[in-house]
There are 2 protein chains.
Amino acid sequence: MSIRQIEAYEPLTLLSVVSFVKEKGLIPKESRVHCEEIGDGNLNLVFRLVDQSTNQTLIVKQALPYAKVVGESWPLTLDRARIESEALQEAEKLVPNLVPKVYDIDYTFAATVLEDLSDHVILRKGLIEGKQYPHLANDIGTYLAYTLFSTSDAALSPQEKKKRVVQFTNPELCQITEDLVFTDPFFKSETNNYPQELQPEVSELWEDSALKLEVAKLKQKFLTNAEALLHGDLHTGSVFVKEDSTKVIDPEFAFYGPRGFDIGAFFANIILNYIAQEKRIADLGKREEFQAYLLEVIEETWQVFKNTFTALWQESAVEKFADVEGYVNYVLAVTFEDTIGFAGCKVIRRTIGLAHVEDLDGIANLDAQLEAKRAALKTGRSLILNRQNITNVKELVELVRSANS
Amino acid sequence: MSIRQIEAYEPLTLLSVVSFVKEKGLIPKESRVHCEEIGDGNLNLVFRLVDQSTNQTLIVKQALPYAKVVGESWPLTLDRARIESEALQEAEKLVPNLVPKVYDIDYTFAATVLEDLSDHVILRKGLIEGKQYPHLANDIGTYLAYTLFSTSDAALSPQEKKKRVVQFTNPELCQITEDLVFTDPFFKSETNNYPQELQPEVSELWEDSALKLEVAKLKQKFLTNAEALLHGDLHTGSVFVKEDSTKVIDPEFAFYGPRGFDIGAFFANIILNYIAQEKRIADLGKREEFQAYLLEVIEETWQVFKNTFTALWQESAVEKFADVEGYVNYVLAVTFEDTIGFAGCKVIRRTIGLAHVEDLDGIANLDAQLEAKRAALKTGRSLILNRQNITNVKELVELVRSANS
């Protein structure tokens, strides 16, 4: 029986995905293949295939032409699959050990064939369970330094960089961020999602014009500053970990934006976990130990980022002004300030905006959950408003600690 | 005799340009047409056509596939003709009285058919002759406010704006600015062009690391901040004037960049004329009167820009944060600071970089010319280094005055 040729986009099925992969020669035609769909079904189909003769495994990730969020469905470009896979390829050139391998990109099907990382767990899940990952900070700091340096004007000719800005123009997915991170949480918006008990704190936020002015400035940076190719959604659900390995996945929000946005997204989600653990870990000693670990992750991630970025800059910057005294430190200072501000926006949006995090929402005791969410709002606001006064990462960590003690 | 069909790019000639325009129906086929080439031949051919039966006139501007600068020739994309004509069309929608009418765009020929403005003169020439234009500041301030507001994220949906960023991606012409404005003048570079007598001042500039750090920051803004669709080369040679009319021409350097770059380019060229007139107008009373006029142009241009931009913002901003207290003033403050810095870079590059201005180079007495150039370098440096301390346009005008008294 011949395998049916598929020539136009259609959602893959448990059956057709096997043909799809065999036609590409990634699994021999004669192999028996076990296949399951393991995605959450909101934006993408994710299939895991096992060649039963060799036990070789593969992931096929296919974009769906719509997004499902809280029961609603809206059309969403398939072009994001191209952006995601091309962003992964860029990262693979720079930090091959920190991203899944890309075996194939199929533009017709908006599908990417990827290395299977089933031996890893999602970092968010690991952190919620109180697990520590000794390589995490070093790996993420390294990932951030390589990707944020090597895709910028410091490392590329302006002509090459402008080509990539066009290549990674991602209006639809950027709009999700523009709306759900930077806008809706700060106004009475239908997409917001918070328990009624938080209304006083939320109303206070909406009336806080000093805060809104700072958020407007941060949003403007997100809209205009094409500094580097970002992951675009670097929360702890976009990181796979195991004891000795870290993999950054899912860069479908990739675009050219301000460096601090990726670092801030990661820090925000570590901070959200820190706040949640205040209520989750009952044993004081264990809690303090784990929270100290989380703050060390922030501190070490920044230090590794900063040192690696500086070394890359000194070794390989093509920008003629690169050696001018103070220039790389200026770039790092701006990135740090932006990081703190973007982290603050992300903490707030994950608390009262459309998309939440399990760290907070999974706190079983509802009063404790409300307390944690109030602490998150307070911390987010403080990060945004104080970002210009915080000059080093120890002060940042201190702000997080003191806002939650 | 049939007119020869032209189907692929070739440089137009006095003969073929007539057929070209008649085929488009812009001049009747039976008309006798007088035609002359009036361009400077460096980058473009510019033909002026007169229909001798109606005296109707037209301009045909065609991009050449190379640029000639100081005898050298390098290839240059014809796509700049598309960018120029599409940028003109954008401006025509916003400020129809302040740009030439576009009658036709021919992508094959990289040619645009434009309104003839031969009754106007180039502003640089007029200012060198000491002529005052009473509408100039109001017109340029209005042009800047409409173009810099209406093409930005404040006025367009982020999706529409991102489309335009791609449409106006202009790597080759941006590179000319990146090299000749922001880089080469601040390093020992082959493209630099200055009299040997200035070597001490030039060397001092190259060793001034505080200055170079600030120029690096400004260059980074130019490379990364896609705030609004800029003209990209708004010097006084890109403005046509007569007593009661102002027309901004030649936006072939158009791209999405920082708002302050256009305003700074205009101010820089007014400042260069101010410095040159110190040596050009012998009569003290006349000189002071004309220099006062030039400073008024700067002051009024900024005020008109600021007021018009604010009014447009208040009336028609689509950005949800637009009404947040202090936001428009923040945008204007950043724009003003950038304006001053970019003006400083432009003053320096027109003094020691590749492309000079007639205002300075045309000063017949060589000692006086050298003095003027020294004053220009001093003024440019002061603008760049003091841009954060100057909080209003009166202080800017005062800086220019005191740096040259």
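Positions of Cβ are set from backbone N, Cα and C atoms, glycine also.
In TrEMBL, annotation is done automatically, which means it is predicted and not curated.
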Candidates B:Lys24, B:Lys29, B:Lys61, the one TrEMBL lists with B:Asn44, B:Glu115, B:Asp116, B:Leu117, B:Asp250, B:Pro251, B:Glu252 as binding ATP: B:Lys61
Secondary structure at B:Asp250 (ATP binding site), reduced by DSSP to three states: coil
Cβ neighbours of B:Asp250 (ATP binding site) where a neighbour is any other Cβ within 10 Å: 22
Candidate with the highest Cβ count within 10 Å, taken from the binding-site residues B:Glu115, B:Asp233: B:Asp233
Binding-site residues compared (B:Asp116, B:Glu252) - the one with the fewest other Cβ atoms within 10 Å: B:Asp116
Local Cβ density at B:Arg349 (substrate binding site) - other Cβ atoms counted within 10 Å: 25
Among B:Leu117, B:Pro251, the most crowded of the binding-site residues [Cβ within 10 Å]: B:Pro251
C-beta crowding around B:Lys61 (ATP binding site), within 10 angstroms: 23
Distance, B:Asp233 (substrate binding site) to B:Lys61 (ATP binding site) (CA atoms, angstrom): 17
Rounded to the nearest Å - Cα separation of B:Glu252 (ATP binding site) and B:Asp233 (substrate binding site): 8
